[in-house]
Amino acid sequence: MASDRRGSRVVASSRADDDEDAMERELAEDAVWKRIQQNTFTRWANEHLKTVNKTIASLETDLADGLRLISLIEVLSGKQLPKHNKRPTFRSQKLENVCVALKFLTNAEGIKLVNIDSSDIVDCKLKLIMGLIWTLILHYSISLPMWEGDDDTAFDKSGPSPKQRLLRWIQSKLPDKPINNFTSDWNDGQAVGALVDALAPGLCPDWASWDPKNAQRNAKEAMDLASEWLGVPQLVTPEEMVNPKVDELSMMTYLSQFPNAKLKDKAPLRLQTNPARVRCYGPGIEPTGVVVGAPTNFTVETFSAGQGDVKSFVEGPGKQQIPVDIRYNDDKAKTYTATYTALKEGPHKVHVQFAGKNVPKSPFPVKVEGFAGDPTKVKATGPGLQPTGVSAGVPTYFDVFSKAAGKGQVEVEIVDPKGGRNAVPCRIKKTNEDEHHCEYVPAMEGPHQVNVIFAGRPVPNSPFKVNVGPPCNPRRVRASGRGLQKNGVRVGDVADFKVFTENAGEGELQIKVLGPGGTAEKVNITPKPDKTFECNYAPTKEGRYVVMISYGGQEIPRSPYEVNVGPYKESKIVAYGPGLSGGLVGYPATFTVDTNGETGQLGFAIEGPSQAKIECFDNGDGSADVKYFPTAPGDYAVHVLCNGEDIPKSPWIANILPQSTCQPDKVVASGPGLQPTGVLQGQQTQFTVDARQAGGKAPLEVKVADSQSRPVEVKVKDNGDDTYTCTYKPDSNDKHTVQVNYSCVAVPGSPFRVNVADNTDPAKVRVYGPGVEKGVTSQTPTKFYIDCKAAGKAKPKVKITDEKERPVQAKVTDNKDDTFTCNYTAPTPGPHYVSVAVNGKDVLGSPFKVPVQPHVDASKIKVDGLEPTVFLEAPAQVVIDARAVAPNSDARATCTLNTPSGKKIPIAVQPKGDGTYRSVYIPHEEGPHEVELTYDGVPIPGSPFKTMAVKGCDPSRVKAYGPGLERGVLDQPNRFTVETRGAGPGGLGLAIEGPTEAKMTCKDNRDGTCTVEYIPTEQGDYDIAVRFAGKDIPGSPFK
C-alpha cells in the first residue's frame, strides 16, 4: 500500500509538471496560436495593401517607419492622411509618421486606441502592434460593414458586440448546424463547407457527408471553393483552421469576409434534391387561427433543397380534400406561396411534398374554428404603414386591431420595388385576443406595398404604399464648419456649422452643445431640402465647449467636437476672397487680408485633407494677397492670425472640390471697370468676363466693395456665348476692390483694385433758403437747401458754428433727388457761420455768414443793484426786471461771474414769480469782475457789467427801515429791518436807550438783511442806535 501511495504521488507530480510545461509552451513567443494569429494578421494587411502595390513581410518590423501603416489606413478608410515624411531616416521622422497615423485613427475615424503610442511601433513591440492590427480588423472588417439581415441594433452601442454580431450572422445561415464558437466548432472542416454551401447552394453540397477524420481535406476543399468562386481569400490556411490551437481572433478575421461575399458567374453549382431542407411557415399551417370561408396561406422555402416540385393538399373532416393554390415567387429564397380555404370547422391536415416526398413536419395539423369575420371593422396603424419615414435595413412595425371584427387570421404580404411578393418577411405576434403586432425589415429602398389581410380579405386602406428610404448609416454623416473648429470661435460670435446627411438614410439628427461647467447651450437647427442641416450656437463666455452630434441615435464620426472659445475681440483687419469659401484641386485658392492701419504680425495656417503650400504677397498698402495650393478635395480650415491669434471670423471653412474639366485660369476679365484709374464716382462703368476657353459652364461670382468693405451692387448679364457683361456704379471716391471668381477660383488678375476718382464740382452746388439769409432768430428752427443736381454724385457735409466757434447741431436729410434739406436752430443771437462742403471741398460762398437776431427785445429789461465797487467776501445782489417784455413761462435768466483769474462762475438766479429775478454773488478775488446777464439766452444790454472787488466795508451802504423805527407800541413786538448788502464785511451793533430797558432780538434772513425786534414796557422816548463796523449807519441813532 505504501509503495502504491508513493507511486500515485509520483504520477501526480508528473502531471503537474506536464501542465506547467504546457502552460509555458502556450505563453511562449512562438506558441502555435500566436504564430497562426501573426500569419493571419499579416495576410489580412497584405490583402488590402496589394491594391496599392505594397506588402508586409513582418508585422514586427515593417511598420516601424510609419509608411506602410499610413498606406494601410488610407486603403481601409478611403481617405488621404495628412502630410508626412515620405523618406523617414531618423527616429524622430518615424515617430512623426506613426503619430500622424494614430492621430488620424483617433480624431478622424473615432477609433479608441488603448495603451499604445508611436514609440511602441517604432520600437517594434510585436504584442502591441498585433493589438493595433486587431483594432483595425475589428473596426473596418467586422464593425463597420453593413451585412444582409442586420437590424438597427447591430450598430447600437447597446447592441451585440462585434463577436456576437458575426456569430449571430453565421448561425442565421446555418440553422441546422450548431455553431457556438470560432475555434473547436470549425476544426472538422464541415462548418466552413456548410457556410460555403449556405451562401451558394450547390457549390459545396457534399459537406454533410464528409468524414470529420479528414478535417484538413474537408477544410481545403471548402476554402478553395470560397476563394475561387466567392472571392474569400484564405487569411488562414486549412492546416491552421483544423489545428486545435487555432485562436478565435484569426478565425473571426477569416470568417468576417463571408457576409459580403458574392458568387461569381459560371460557378460549378451541383444542386442536390433534399426535401429535408425545405422550410414551411405561415398562418395556414398554424395549429389554430384558420376560420371557415377565409383564404389562408403559408410559405414553402426551397432555397437549400435543390431541384424539385412543390405539391400540397389539405385533408378536411371526413377525409375531404381541399385544393391548394401554389404560386412560385421567383425570389432569392426560391419560395412558394400556398393558399387554401377551409370549408368546414374541425381538424384538418395540410400535406406538403417536395420532389414527391413529405417535407419535415408534414402533414401539419390545423384546427379550423369559427367563420370569417368582417375585415371592414379592422384597423391597421403604425409607422410601418406610413408613406415616409421607413428606412432600408431598419426594423419597423405596425399594429392590427380586430375588436368586433369576428374571427380571422391576420396576414401580411409586402411587395418590394422589384415586385417580389415574399422578399420582405413580416413577423406577426398576437399580443392579445384582438391585437396583432407586425414587424418587418425592408431590405431595399424604394416604393413598397404592404398588404394587410384579415379573414382572407384586405382591411381598410390596404394596400398601404410605403416609400422606403436608404438605410440609416451615421458613419456616412459629415459635419463641417467654423463652429466645430478647435480654435478661432470667440464670445459673441455666431458659431455656425453644417451637417450633411445625404446618403446616410433616414434618421433623427440630435445636437447638444455643452458650455463651460457642463451648461447646455441653445442650438439652432435649420433643415434644408438637400438633406443638409444649417446649425449654429452663440457662446456667451470663454472656455471649453463640447459639440455632440448624433444621427439615428449614434454619434457621427469625429463627434464629440471640442471647441475652445476665446474672449471677445474687435479688429480692423478683414479678409475676403474666394479661397475663404471654396476652390478647385489643382488651382491656387486666393484671398486678401487688409489691415486697415492696424499693426501686428500676420500669420496664416491651413488645415485640411492635404498639406497646402502658402504664398503671401505684400501689396505695400496695408494689404496682402494670399494663395494656398490644396492637393486633395474636402473642407479646409483657413486661419488668419494676428500676433498668433485668430482675427474675428477666423477660421473660414473652404470647400475644395475635385479637379474638373473646367479651367478657371483660361477666363479673361477686362474692361474699363477693372482699370486702376479712370472710373468716376457716381458714373456707371462696365467690364467683360470671357469664359469661352474655360472648358465648360461653371458658377460666375462677381463682387465689388469700397474701402470700408461696403458692397456695391453689380449687374451681371449672360450674353449667351460664355461671355458676361458686368456693370456697377461706385458711390464713393476711394479704392474699390473687384473680385471675379469662376468655379470658386479667382480668375487671372483678380482681385482688381480700382481707384475711383471724384466726379463732383463744388462750384455747381447751390445753397439757398431762409437758414442762410437775414431774418434768422435765436431759438427758432430754420432750414436751408443744398442742390447738387448739376454737381455730380455728391453727399454734402454741413458744419455750423456761432461767433465763439461753438458747434450748432444740424440735421441733413437726403431728398433722394440729389437735393438735401438742412435743419438747425441757433441757440443764441449773433453771427453764425454755415459751412457746406462736398468731397472735402467748400461749395461756392461757403462759409455763409448768418446774422442771428435775438428772439426777445432785451432792451426793455432793467437791471438794479449793480455797483461799480463791491467788497470781498460780502454778498452783492443783482435784480433783473423783465416785466416789460412779453410774458414767457419757459424763459430763464442766467448770471455768470467772470473773475480776475479767468474763472466763469455760474450764479444761481431765483425767479420771483412776477417777471423779476434775483441773484446774489460773493466775490472772493480782489480786482475787476464781470457780471454776464442773459434772458432766455439773449444777453441783456450792457452785459457783461463791470465791477471792482475791493477789501474793506462801507457803513454808509447799510440801510435800516421799518415801523419799529418810527413809532412803538407798549408791550407789543416792534420790528424794523437792517440791510447790509453791498456794505462789505463788518459786524452789526444794536442798542436801545429809554425810560426802561427794552429786550431786543435780531434774526439773520440770510439774504443780506436781518429783522430786529424789541418790546418796550414803559411810555416815553427811545433812542435806537444801529452801527456797522463800529460806525453809525445813516440816520442812526433813530428816535
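Backbone N, Cα and C atoms are what each Cβ position is placed from, and that goes for glycine too.
Secondary structure of the domain 'Calponin-homology (CH)' (35-141) per DSSP, as helix, strand and coil residue counts: 68 helix, 0 strand, 39 coil. If you look up TrEMBL, you'll see 35-141 (among others) marked as domain 'Calponin-homology (CH)'.
Taken from TrEMBL, the feature domain 'Calponin-homology (CH)' covers 160-263 (among others).
Sequence annotations record features per position, and here TrEMBL assigns region 'Disordered' to 1-22.
Taken from TrEMBL, the feature repeat 'Filamin' applies to 270-368 (among others).
Feature annotation from TrEMBL assigns repeat 'Filamin' to 370-468 (among others).
Annotation comment: TrEMBL describes 469-565 (among others) as repeat 'Filamin'.
Per DSSP, the repeat 'Filamin' (565-656) is made up of 3 helix, 49 strand, 40 coil. Among the features that TrEMBL reports, repeat 'Filamin' is placed at 565-656 (among others).
The average per-residue pLDDT of the prediction over the repeat 'Filamin' (659-756) is 91, rounded to a whole number. For 659-756 (among others), the entry in TrEMBL reads repeat 'Filamin'.
With helix defined as DSSP H, G or I and strand as E or B, the repeat 'Filamin' (757-852) counts 6 helix, 47 strand, 43 coil. Taken from TrEMBL, the feature repeat 'Filamin' applies to 757-852 (among others).
Look at the repeat 'Filamin' (853-949): DSSP puts its residues at 3 helix, 48 strand, 46 coil. Taken from TrEMBL, the feature repeat 'Filamin' covers 853-949 (among others).
Residues annotated as repeat 'Filamin' in TrEMBL: 950-1039 (among others).
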Give me the DSSP three-state residue breakdown of the repeat 'Filamin' (659-756), ordered helix, strand, coil. 6 helix, 43 strand, 49 coil
For the repeat 'Filamin' (950-1039), give the DSSP counts of helix residues, strand residues and coil residues. 6 helix, 38 strand, 46 coil
